[in-house]
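Undergrad: Please read through the structure below; I'll follow up with questions.
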Amino acid sequence: MRIVLVGPPGAGKGTQATRLAEKLSVPHISTGDLFRANISQQTELGKLAKTYIDAGNLVPDEVTIAMAKDRMEQPDAENGFLLDGFPRNVSQAEALDELLVTEGITLDAVLDLEAPEEEVVKRIAGRRICRNDSAHVFHVTYKAPAKEGVCDVCGGELYQRGDDSEETVRKRLEVYHTKTEPIIDYYKAQDLVVTIAATGAVDEVTGRALEALKRGR
Ligand code: AP5
Ligand code: ZN
C-alpha cells in the first residue's frame with residue numbers, strides 16, 4: 001500500500017505511522033525524522049534544515065523533495081510506503097504526483113488525522129523522544145516511561161525536541177493551516193482522502209485507521 005499521512009503537529013502521525021507500517025509491512029518514511037538524523041550527524045543538509053525547523057518553518061521544497069525522492073527510491077519502498085510529513089504543501093504534492101507518474105504507481109489513500117488544537121498542544125508539550133531511536137516516543141502523562149528520562153525500550157536518554165517549545169508549536173500550527181491543509185483539498189479532488197478522529201487511546205486510533213483504510217474512501 002502507498003499511503004500519505006497528514007495532520008497537525010502532535011496529531012500522532014509518528015506514533016500511528018510506526019504501528020501502521022508494521023501492520024501493513026511497508027517502510028515508515030518521515031521527512032521530519034530524516035531531517036533530525038541529518039541534524040544529529042551534522043551534515044550540510046542538517047545544518048540548513050535546522051535553521052528552518054527551529055523557527056517552525058518549512059524546509060525549502062528543493063532539498064525536501066530531493067531527500068524524500070531519494071528515500072522513496074530505496075529498495076525497501078518498492079512495494080509500498082507510508083509517508084509521514086511529506087508532502088507538506090501543494091508544490092510538494094505536485095512533485096510527488098510527478099514521481100508517481102514516472103514510476104507508474106499510484107497512492108492508495110491519504111489518511112487525515114484530525115485532533116483539536118488544545119489536545120495537540122498538550123501532546124507536544126509532554127512529548128519525550130529516545131536519542132537512540134526516533135520510534136521510541138513517550139509522553140510525560142499519556143505514556144510515561146517507568147523511569148523518568150529513560151527509554152523503556154532500550155534504556156536510551158529521552159529528550160525534548162528543540163521545536164517543541166510553545167512558541168514554535170504555535171508557529172508550526174499556523175504553517176500547518178496555511179501551507180499543509182490545502183493538500184487535503186488537493187487530494188480530495190483525487191478522491192483519496194480518508195479522515196479519522198485522532199483522539200482517544202493510541203490503540204483505538206490505530207484500529208480506526210486500519211478500519212478506514214480497509215473500507216476505503
Ligand atoms: P515533523 O517531524 O514531521 O513534525 P510535525 O508534523 O510537526 O509532527 P510531530 O512530529 O510534532 O507530531 P506527530 O503528529 O508525529 O505526533 P507524535 O506521534 O509524535 O516535522 C518537523 C519539522 O521538520 C517541520 O516543522 C518542518 O520544519 C520540517 N519538515 C518536515 N517535513 C517537511 C516537509 N515535507 N517540508 C518542509 N519541511 C518539513 O505524538 C505527539 C505526542 O503525543 C507523543 O508524545 C505521543 O506519545 C503522544 N500521543 C500520540 N498519540 C496519542 C494519543 N492517541 N493519546 C495520547 N497521547 C498521544
Ligand atoms: Zn529507546
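For all residues, glycine too, the Cβ spot is worked out from N, Cα and C.
Not measured: the values here are computed from a predicted model.
From TrEMBL, for reference:
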| type | residues | note |
| --- | --- | --- |
| BINDING | Gly10, Ala11, Gly12, Lys13, Gly14, Thr15, Arg127, Val137, Phe138, Gly200 | ATP binding site |
| REGION | 30-59 | region 'NMP' |
| BINDING | Thr31, Arg36, Asn57, Leu58, Val59, Gly85, Phe86, Pro87, Arg88, Gln92, Arg161, Arg172 | AMP binding site |
| DOMAIN | 127-163 | domain 'Adenylate kinase active site lid' |
Undergrad: At the level of the C-alpha atoms, what whole-angstrom distance separates Gly10 (ATP binding site) and Arg88 (AMP binding site)?
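TA: Between the alpha carbons of Gly10 (ATP binding site) and Arg88 (AMP binding site) there are 15 Å.
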Undergrad: Of the binding-site residues Gly12, Gly14, Arg127, Phe138, which sits closest to Phe86 (AMP binding site) by Cα distance?
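TA: For Phe86 (AMP binding site), the spatially nearest of the binding-site residues is Gly14.
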Undergrad: I'd like to know which of the binding-site residues Phe86, Phe138 has the most other Cβ atoms within 10 Å of its Cβ.
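TA: Checking each of Phe86, Phe138, the winner is Phe86.
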Undergrad: CB neighbours of Gly14 (ATP binding site) within 10 A?
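TA: That number is 20.
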Undergrad: Identify, among the binding-site residues Arg88, Arg127, Arg161, the residue whose Cβ has the fewest other Cβ atoms within 10 Å in this structure.
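TA: Selected from the binding-site residues Arg88, Arg127, Arg161 on minimum Cβ neighbours within 10 Å: Arg161.
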Undergrad: Identify, among the binding-site residues Gly10, Gly12, the residue whose Cβ has the fewest other Cβ atoms within 10 Å in this structure.
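TA: Looking at the binding-site residues Gly10, Gly12, the Cβ with the fewest others within 10 Å is that of Gly12.
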Undergrad: For a quick check of understanding: given the listed ATP-binding residues Gly10, Ala11, Gly12, Lys13, Gly14, Thr15, Arg127, Val137, Phe138, Gly200, what is the maximum Cα-Cα distance in angstrom, as an integer?
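TA: 17 Å is the greatest Cα spacing among the residues binding ATP.
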Undergrad: My understanding is the cutoff is Cβ-Cβ under 8 Å with a sequence separation of 6 or more in the same chain; which residues meet that for Asn57 (AMP binding site)?
TA: Lys171, Val175
Undergrad: Which binding-site residues are spatial neighbours of Arg127 (ATP binding site) here, meaning Cα within 10 Å, out of Thr31, Val59, Arg88, Arg161?
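TA: Cα within 10 Å of Arg127 (ATP binding site): Arg161.
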Undergrad: Could you give the Cα-Cα distance between Thr31 (AMP binding site) and Gly12 (ATP binding site), in whole Å?
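TA: One finds 15 Å between the Cα atoms of these residues.
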Undergrad: Which residue, out of the binding-site residues Thr31, Val59, shows the minimum number of other Cβ atoms inside 10 Å of its Cβ in this structure?
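TA: Taking Thr31, Val59 as the binding-site residues, the minimal 10 Å Cβ count falls on Val59.
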Undergrad: Find the shortest Cα-Cα separation between Phe138 (ATP binding site) and the binding-site residues Val59, Arg88, Arg161, and name the residue that gives it.
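TA: Nearest in space to Phe138 (ATP binding site), counting only the binding-site residues, is Arg161.
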